[in-house]
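**Student:** This structure is in structure tokens; I'll ask about it shortly.
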Amino acid sequence: MADALAPPTVPSAYNQSLGGVNPDWLNKGDNAWQLTASTLVGIQSVPALVILYGSIVKKKWAVNSAFMAFYAFAAVLLCWVGWAYKMSFGEKLIPMWGKAGTTLSYKYLLSQAVLPASAHYHKDGSLEVGNLTPLFPMATLVYFQFVFAAITLVLLAGSVLGRMSFRAWMVFVPLWLTCSYTVGAFSLWGGGFLWQWGVIDYAGGYVIHLSSGVGGFTAAYWVGPRLTKDRERFPPNNVLLMLAGAGLLWMGWAGFNGGAALSANLVASIAVMNTNVCAATSLLVWTCLDVLVFGKPSVIGAVQGMITGLVVITPAAGVVQGWAALVMGLFAGSVPWFTMMVVHKRSSILQKVDDTLGVFHTHAVAGLVGGLLVGCFAEPTLCNYFLPVTDEQGAFYGGVGGKQLGKQITGAIFIIGWNVVMTSIILNVIRLLMPLRMTDEHLLVGDDAEHGEEAYALWGDGEKYDMSKHGSTDVDMSNHGISDDKRRPTVTL
């Protein structure tokens, strides 16, 4: 009788009392937002950039380009939980690197998130700001930082589409993540020397975009160019799908910059607003420049302007005012446009390196512009909300602002230098083991030669057009509504 009157047992996962899976440090709103933001950033890679890459390239490279992004996303995740996360956000090994280690223990993943090297001290050794300890579990933080790492490799891939050997790419991804990305992440975000010095990179203008742009340009140099005819003419195979991928990228950026606040707070809100203001402004500026100079608005140009706007605001989104975001949009739509449309055509160095999607301009140049502009427009109150070094501000506000701009320049030089050197070393080691570039025979054919697959099945169940099969008089084309004299004798893919 007593058992019949006892209240039903509630699984501990749904028990509202503190402890267990609902510890007193857990903020469910922050955790829910961070998981949502992580998903939005993940969507930027899979499917957004998978779709964009597969659509913006020549038809024969649609599968290869999309697959490079798809592979990188999966490969980075396993490396991240295996060793790379703690190299980026763990305990300090040296001032620019954390100690490697796995993150797969459930006790570790369910403990409160913390960046153990992120405490900042005054010159006299007294604590200024303690360790960053978000109000959600390590599992959430590890995954959120993973999607940032993954998209960096996916962006870098844009420089070497249409000729890099897929086998070489398979080896390059884990090596570059381990030896290059983790250094920038720890130095600027994880508590390394640039974080301690006070260089501002709110959501990855340097860690993600400057490093991917410089790393991609360096990789393009070592891998070598596409075939001459592909460099001369490389039309998108599906402009509408390209726009769909670009649209997903834009919307996903709310998680990118909004999630960088590591909390569902006011900083996240202003970051999302600033992100969209800057992106829209940059898109319109780029389009207007295309109309004024070339006489026609370019869809690809509009996508590039959107991307540069998103990149430029990224290092500043949570620490600048709305009017500053608009001004940064003006720079985002004009400076990379000028380097791509004017400087590139006059520079022998830029002409020599075959950067397939112009990642150098849309990410390296734009990331550098954003990093320098945050040194101008960082607002003092917003900086104190978020940054480990108190009383920072941009040059526009006077005082110590001039020093901040100097810090931003120094941070950029370090990221550029490290990525040029490390990317070069990695690729030269790989080419001792295998070719970096596909053979000319594979470059002529494309996807079918490299993967045995094609993006578009133009004839029947995917087979190529073959006169012995499809051009024979034994085939009654009238059954398909096609008269004999309208049959195509050959198809050039």
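Each residue, glycine too, has its Cβ placed from N, Cα and C.
Residues or ranges marked as transmembrane segment by TrEMBL: 32-54, 66-85, 141-161, 168-190, 202-224, 236-256, 262-286, 298-317, 323-343, 364-387, 409-430. The domain 'Ammonium transporter AmtB-like' feature in TrEMBL is assigned to 32-456.
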**Student:** Tell me, please, if the transmembrane segment (364-387) and the transmembrane segment (262-286) are in contact, taking contact as 3+ Cβ pairs under 8 Å between residues separated by 6 or more positions?
**Tutor:** yes
**Student:** Among 66-85, 141-161, 168-190, 262-286, 409-430, which stretch has the highest count of C-beta pairs below 8 Å with the transmembrane segment (32-54)?
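**Tutor:** When the Cβ pairs under 8 Å are tallied, 141-161 comes out ahead.
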**Student:** Please check if the transmembrane segment (202-224) comes into contact with the transmembrane segment (141-161), where contact means 3 or more CB pairs closer than 8 Å and the residues in each pair are separated by 6 or more positions.
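**Tutor:** As far as Cβ distances go (cut-off 8 Å, pairs 6 or more apart), the transmembrane segment (202-224) and the transmembrane segment (141-161) touch.
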**Student:** Counting CB pairs under 8 Å, which listed stretch among 66-85, 168-190, 262-286, 323-343, 409-430 touches the transmembrane segment (141-161) the most?
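**Tutor:** By Cβ pairs under 8 Å, 66-85 leads among 66-85, 168-190, 262-286, 323-343, 409-430.
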**Student:** When you scan the chain for residues with a C-beta under 8 Å from the transmembrane segment (409-430), skipping those not six or more beyond its ends, what do you find?
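**Tutor:** For the transmembrane segment (409-430), the nonlocal Cβ contacts are 168, 171-172, 175-176, 179-180, 183-184, 187-188, 194, 199, 201, 206-207, 210-211, 214-215, 218-219, 222-223, 368, 371-372, 375, 436.
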**Student:** Quick test of the contact rule: Cβ under 8 Å, at least six residues beyond the ends. What residues does that give for the transmembrane segment (298-317)?
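**Tutor:** Distant Cβ neighbours of the transmembrane segment (298-317) are 52, 56, 200-206, 208-209, 236, 239, 242-243, 246, 249-250, 253, 256-257, 260, 270-272, 274-275, 277-287, 290, 324-325, 328-329, 331-333, 336-337, 340, 358, 361-363, 365-367, 369-371, 373-374, 377-378.
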**Student:** Which residues of the same chain, at least 6 past either end of the transmembrane segment (262-286), have a Cβ under 8 Å from a Cβ in it?
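**Tutor:** The answer is 27, 29-30, 32-34, 113, 132, 134-135, 141, 144, 202-203, 250, 253-254, 256, 301-302, 304-306, 308-310, 312-314, 316-318, 320, 322, 324-326, 328-330, 332-334, 337, 382, 385-386.
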